[in-house]
Amino acid sequence: MSKKYDAGVKEYRDTYWTPDYVPLDTDLLACFKCTGQEGVPKEEVAAAVAAESSTGTWSTVWSELLTDLDFYKGRCYRIEDVPGDKESFYAFIAYPLDLFEEGSITNVLTSLVGNVFGFKALRHLRLEDIRFPLAFIKTCYGPPNGIVVERDRMNKYGRPLLGCTIKPKLGLSGKNYGRVVYECLRGGLDFTKDDENINSQPFQRWQNRFEFVAEAIRLAEQETGEKKGHYLNVTANTPEEMYERAEFAKELGMPIVMHDFITGGFTANTGLSKWCRKNGMLLHIHRAMHAVIDRHPKHGIHFRVLAKCLRLSGGDQLHTGTVVGKLEGDRQTTLGYIDQLRESFVPEDRSRGNFFDQDWGSMPGVFAVASGGIHVWHMPALVTIFGDDSVLQFGGGTHGHPWGSAAGAAANRVALEACVKARNAGRHLEKESRDILMEAAKHSPELAIALETWKEIKFEFDTVDKLDVQS
């Protein structure tokens, strides 16, 4: 009998380190950044990750004889050094597709980032990327509508969509909240938004907010002749309550609802996405709590993984950071996971942080949402970075206008249309940004005041989580 059936404790690398293995098209592939305890060989650390995230346990057990672990086990098939980091290395692991329930992002993450992150042989562990096989993608529900359908629903084409978060995000009564929504929408925005932590608090119960927002949208649509929307946050303490709120939004004729997908959970998110498709509603996704998981460069889950998982779980819009605003995120990394949200096929490109080719098949794309510390001076860079299939959201950059929210919205709309017109004429937005905006401001006093107000506001901090690439 083979030694693999001998009783006792074995080194993980004897079973789970398989450098000769050639991954199958149907394998789910994962790249982990590993930092092992001192004195533990890389192969043992990597094999331990493969074991603990698939079929392994610390001891040989008799029940292994009842199945074929060689078929079901995860296999570490490659190890690479991390550029500029002598302590860490990349471990590439292949998992057979049968380890995962069809269409369940919850199950995939439970396996890949479950107990293994508490393993004593590791000082740090980070899930950098996942290659989802097309066979798995076809079992996932994906975005309830996607980019093309959303544009048709809102009747908006040829430019990024424009939005803002209502401020102050907490403390307003339902009526005053609706008033701010109206001011922003009549000023020229396409969307306004609940912030992530506005649910149903004593100062503003959710039914009250929904009703006043619906009235504000109807008035703004009548005044402007444009389709408008507001992201009504239906995140709740139970799934039943979440669906009750979504149903009420539908009854009011609202086009879109919102969910905090990390705090709410992937199971709730997938269920809500299915409901939205069935009921003809758009779904905006906020990423609240993501930085707890993704910001440490050596431990956690990279946001590109969360973005991929969200596309599979379902959402029509997802916050991605801004590059130029107040939130973490360098340009190349951000472009890398924006590609994962919108494209049908994304090739391996380490300069953008993509470790694998990713084929999305026919799955609809997701709008990238730029939000957090942005204002009119950022508009040329935002249009360049994010392109048309994006939502640019200015919270303080709308409400902070000296003339009020309507004027702030008008300034942003004029700046956006000026940038799109200049781009379409072949001008270089970032090199000519000042000239483009100042020319537009000659015909818009709202924009002129906004440019003067925000001219000194910058968020120039180094990125904590940088790409691991050789210079």
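Here the Cβ of each residue, glycine as well, is placed from N, Cα and C on the backbone.
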(request) Given that Swiss-Prot annotates ASN115, THR165, LYS169, ARG287, HIS319 as binding substrate, state which candidate in SER54, SER371, SER390 belongs to that site as well. (result) SER371
(request) Could you check which of the recorded positions (LYS193, ASP195, GLU196, HIS286) sits closest to LYS169 (substrate binding site), going Cα to Cα? (result) ASP195
(request) Whole-number Å only: compute the distance from the Cα of HIS286 (active site, proton acceptor) to the Cα of SER371 (substrate binding site). (result) 10
(request) Would you mind listing, in sequence order, the residues at least six apart from HIS319 (substrate binding site) in the same chain with a Cβ closer than 8 Å to its Cβ? (result) ILE285, HIS286, ARG287, VAL369, SER371, GLY372
(request) Determine the minimum-neighbour residue: among ASN115, THR165, SER371, listed as binding-site residues, which Cβ has the fewest other Cβ atoms within 10 angstroms? (result) ASN115
(request) Look up ASN115 (substrate binding site) in the DSSP assignment and reduce it to helix, strand or coil. (result) helix
(request) Spatially speaking, which of the recorded positions ASN115, THR165, LYS167 is closest to GLU196 (Mg(2+) binding site)? Use C-alpha to C-alpha, please. (result) THR165
(request) Determine, from DSSP, whether HIS286 (active site, proton acceptor) sits in helix, strand or coil. (result) strand
